[in-house]
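Record features (TrEMBL):
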type	residues	note
DOMAIN	28-478	domain 'Major facilitator superfamily (MFS) profile'
TRANSMEM	23-41	transmembrane segment
TRANSMEM	85-105	transmembrane segment
TRANSMEM	117-138	transmembrane segment
TRANSMEM	199-222	transmembrane segment
TRANSMEM	287-311	transmembrane segment
TRANSMEM	323-345	transmembrane segment
TRANSMEM	385-403	transmembrane segment
TRANSMEM	423-441	transmembrane segment
TRANSMEM	453-474	transmembrane segment
Amino acid sequence: MAGGFAVSKPGDGHPQFNGKITWYVWICGIVAATSGLMFGYDIGISGGVTAMDDFLVLFFPSVYARKHRAMENNYCKFDDQRLQLFTSSLYLAALAASFVASRVCTRFGRKRTMQAASVFFLGGSALCACAVNLPMLIVGRVCLGAGVGFGNQAAPLFLSEIAPAHVRGALNILFQLNVTLGILVASVVNYLASSVHPLGWRYALGGAAAPAAVLFLGSLVITETPTSLVERGRVDSGRATLERIRGTRDVGDEFEEIRAACARAAELNEQERPYRRLARPESRPPLVIAIAMQVFQQFTGINAIMFYAPVLFQTMGFESDGSLLSAVVTGGVNVVSTVVSILLVDKVGRRKLLLEACAQMLAAQAAVGGIMLVHVRADGAPTKGWSICIVVLICVYVSSFAWSWGPLGWLIPSETFPLETRAAGFSFAVSSNMLFTFLIAQAFLSMMCTMRAFIFFFFAAWIVIMGAFVLALLPETKGVPVDEMVDRVWKRHWFWKRCFRDDADQAKVNSTC
Ligand code: BGC
């Protein structure tokens, strides 16, 4: 690629292409990122709705009865498999949908996939808001899940592909920023809706239609990514789009690289389907990283807080109102800290953010576990002082997640696959996220019931493992153009380089990688 670059940015060691960060790129990025808003709204809304009595009476009368029994064990009062299924069904549906979405993404483009997501969302929110029985409610959640599967597959890829390399992190994290905004808006909606009887929960669930409508309308004005256009044979419009989003006609070098990546991908895909190619040793580095980033992201324990914050805070002895309000506070911290990530990710890099966060999350989890162990008995509440202390520690924990594992769990898998396996590989990231989100959503209340305060030590132990993983196996990808990851990152990494073919000894590649 000698001579293929226009500017060399001092300091980061990686040459950059020509072109500015145009307003059009930001607008496209902001619209695509609203896909995250829908995801976030659904994460945030279920915990609050399941804490609302009107909702419980209608769909889960036994949980309602248990919740109001005075002597019920604090840690167990919300432990109900069907209630957990309400939260988790969405993630199972999203898991299945992500594999379909990866094909739709390759065949019809990132933009169409996001449009499909918004339609699923509109249908799902209507069904949930009008539900008269549990099956109808679950079908609505499944529709929303299909929307999450499609949206989460397409939006991060879209963002990574339209962004100039040196701001790719920031632009991609707009997705996560929207996730956090969605969660926050949902907590506020829950807080307000909880005092509207008996229809409050219907408004809360129906509210998911608002971000879906924004995405649907917005997607009519955004462009398709140049890569997806060229990949689907629309070479001229691919170049015209690249000129438009870079704000210059001088995009020859970058366009050539996209074209070369598409030509290579077409040739390879003719020989072998992308999912089969993922089984090859050279696909292992990005695949292992993509899956691990998402599995670890969930094992930070974040969704124990995001889904069940109101329930968790009630367990700690807050009144129903106070617990929803605390969820609003943690949601606010989540949003603000994600902005920190946008500002830092392309400067300090991915690895430093992840490692700092591991230390901060570990300390906070261990402290919450310790306080709960000593001060939250099964049948009584902690004092006000300790309760506030727990909320503060949870904010410390959430802030570090929000500038690290939250956004980077989506960014890194979307930027590290070569084009020939990008959509298929990324679907493993989405589906791993959904699978482990499902497991946490389904199991957390039962785990809290049996493990009690030790649940926080359980997550703390995972944080140690993920810190070691980052130290040893995660390469820095800051500033490297997406289509150059193989040569500049994987082939140079002390461990992952062994996955690449040394024609002299292919057997050795297989056995060591
Ligand atoms: C995760 C979600 C989580 C959210 C919290 C996302 O990146 O995938 O599972 O609830 O961050 O902000």
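Think of each number as a place in line: the chain as shown, counted from 1.
Here the Cβ of each residue, glycine as well, is placed from N, Cα and C on the backbone.
With pairs at least 6 apart in sequence, the transmembrane segment (117-138) and the transmembrane segment (423-441) have fewer than 3 Cβ pairs within the 8 Å limit; the two do not touch. Across 85-105, 117-138, 199-222, 323-345, 385-403, stretch 323-345 shows the highest tally of CB pairs under 8 A with the transmembrane segment (287-311). The highest tally of CB pairs under 8 A with the transmembrane segment (117-138), across 85-105, 199-222, 323-345, is held by 199-222.
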